Amino acid sequence: MTSRIIAVAVLLFLPLPIVIVVLSSFTSAGYLSFPIKGVSLRWYAEFLGSADWLRVMGTSALLALIGATVSTAASLGAAWAVVRHRIRFGTVYETILLTPLIFPHAAIGVIMIVTLSSLGWLGTFTGLVLVHCILTIPYAYRPVAAALRKADPALEEAAASLGSRPWRTFWQVSLPAVRPGLVTSLLFSFIISFDEVTVTMFLVGPFVMTLPVQVFSEVLESASPVIAAVSATLVLFTSAMVFVLDRVIGIQFFVERD
Amino acid sequence: MPKFSRSVLLLAPSALLMGVFLIGLIGLITSSLSIDGQLDLGHYTAILNRPDYVEMLGRTLRIAALTTFFSVLLGFPTAYYVARYRGNRNFLLLLIIFPWLVSIVVRSYGWVVILGPRGLINGFASWVGLADRPMKLMYNDFGVILGLVHVLLPFMIIAILSVMLQIPRSMEEASMSLGGRPAHSFRTVVLPLALPGILTGITLVYLMATGAIVTPLLLGGLGDTMLGTEIFQEVMHFFDYPKAAALATVLLITALGVVLPIQIFERWLVRRLSDGAGQ
């Protein structure tokens with residue numbers, strides 16, 4: 001009985017601050033306060049009228065798009081070698097790909113400063129792409145590998161025995177079989193990259209900035225409700241992604257074990 | 001092309017990315033161990049000789065431990081409830097997964113809006129005339145722990161749930177039909193089988209709590225620092241990279257020192273459980 005009360009309270013508690021942010025973004029007052037003074041869209045107008053905010057949002061979207069594509073492609077290659085070629089130490093390699101998950105983000109931030117400055121990429125878009133690829137690989141790898149394990153290699157063998165060339169077999173037989181896994185990897189790593197702050201804020205500079213990092217520094221410095229409007233937009237983006245993910249593979253994917 | 005070279009080609013992109021990460025990790029450790037190119041533990045002794053740093057380390061461990069504790073306390077009943085829910089389970093999953101995927105900046109900011117001096121709670125309290133001065137709900141450990149529990153709880157629930165959904169309800173029912181009381185069946189059947197999930201959850205939550213920066217800065221302020229926020233300030237305000245590298249290595253040691261033993265225990269436990277199932 002107590003456990004049920006805890007569970008229901010937790011399920012209400014998790015979305016609470018997000019709902020509050022979205023609701024407070026519609027205030028007409030110059031500061032956030034409760035109960036809100038009046039309803040208006042003025043903070044959305046300010047956000048969408050600001051070239052700065054829009055540029056930062058574009059950077060974030062492009063970064064997440066490139067990062068997700070590269071890490072999904074890299075994951076597909078790795079999963080192919082591990083699952084199909086059954087390379088030696090395949091499980092060890094899978095564990096290595098998951099290591100960015102077991103490092104605290106603050107430590108990864110400093111590690112990446114060291115790496116990017118030796119490459120001359122600190123504070124550049126290229127540097128951010130590299131780091132976001134590393135950060136999203138653990139998320140991109142699992143869905144692709146799971147899809148590849150489920151796909152039947154006999155189909156490929158059949159295509160090959162009927163005279164199909166390796167590349168054609170890959171494009172017309174293998175790839176369609178893992179498509180849901182690929183789309184899941186892309187969407188999942190896109191979300192992770194688009195929302196990433198802790199590592200990214202070590203690596204941004206005067207020439208490159210991402211949306212969540214910009215929101216973070218604005219919250220530290222001001223109390224303008226425009227932050228609520230930007231945050232609500234981020235929430236909207238994430239909802240769209242979750243909706244598509246649910247359609248493609250189903251939300252229970254997140255709690256399944258392979 | 002022989003299969004071996006094809007495998008190498010397929011592994012190249014991911015190996016390159018992981019290689020960059022590994023080289024950076026080695027670079028971090030070596031730069032924290034050297035002063036003017038010489039092997040020197042000076043950065044570490046300097047950290048341990050400063051009482052404020054030792055206190056900061058203690059605070060980090062305390063906050064991470066409390067965050068993990070509350071996450072288990074709240075996460076386990078939630079995972080159990082969701083796993084045994086007979087209605088539309090996907091809706092409940094959505095209530096967990098969606099907040100989890102929303103940026104931590106947005107979620108932490110949400111707590112600033114709720115707990116802040118002019119926030120939801122204080123606004124309500126003064127509106128009904130409960131308090132004439134704003135209550136201090138953030139810029140203290142309470143705010144930081146509340147924020148961290150909120151941000152990290154989904155990891156715990158997901159980790160436990162993914163194990164719990166594997167446990168057939170019939171196992172619990174069998175135990176009860178053999179005369180086991182619900183509490184007893186729960187303790188002897190559900191809890192041991194769910195333990196690997198709990199351990200994974202503890203690992204993830206503890207790791208992220210020790211290395212958190214965003215939530216402690218927004219809800220704790222610049223005063224009482226934690227390891228993560230201290231590292232951030234060394235880099236952003238003082239540009240002291242060697243010290244930041246030493247602090248980051250200390251962070252790695254504190255995190256992995258707790259996490260690796262748990263992981264080893266979990267693997268042993270899983271092997272024992274699957275052996276038991278085989279007999």
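Note that Cβ sites are derived from N, Cα and C of the backbone, with glycine treated the same way.
According to TrEMBL:
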type     : residues  : note
TRANSMEM : A:53-83   : transmembrane segment
DOMAIN   : A:57-245  : domain 'ABC transmembrane type-1'
TRANSMEM : A:95-114  : transmembrane segment
TRANSMEM : A:120-141 : transmembrane segment
TRANSMEM : A:182-205 : transmembrane segment
TRANSMEM : A:225-245 : transmembrane segment
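Residues 47, 90-91, 93-94, 97, 125, 128-129, 132-134, 136-137, 139-141, 144-145, 148-149, 178, 182, 185-187, 189-191, 193-194, 208-212, 214, 226, 230, 233 of the same chain, all 6+ positions outside the transmembrane segment (A:53-83), place their C-beta atoms under 8 angstroms from a C-beta of that stretch. Listed by sequence, the residues of this chain that lie at least six past the ends of the transmembrane segment (A:120-141) yet keep a Cβ under 8 A from its Cβ atoms are 59, 63-64, 66-68, 70-72, 74-75, 78-79, 94, 97-101, 108, 112-113, 185-186, 188-189, 192-193, 196, 199-200, 203-208, 210. Tertiary neighbourhood of the transmembrane segment (A:182-205): same-chain residues 60-61, 63-65, 67-69, 71-72, 75-76, 105-106, 108-110, 112-113, 116, 122-124, 127-128, 131-132, 135-137, 139-144, 147, 175, 211-213, 216-217, 234, 237-238, 241-242, 244-245, 248-249, 253, selected by CB-CB distance under 8 Å and a gap of 6+ residues from either end.
Distant neighbours of the transmembrane segment (A:225-245): 18, 21-22, 24-25, 27, 29-32, 43-44, 46-47, 50, 53, 57, 184, 187-188, 190-191, 194-195, 211-212, 214-215, 218-219, 251, 253; these residues of the same chain sit at least 6 beyond its ends, with a Cβ under 8 Å from one of its Cβ atoms.
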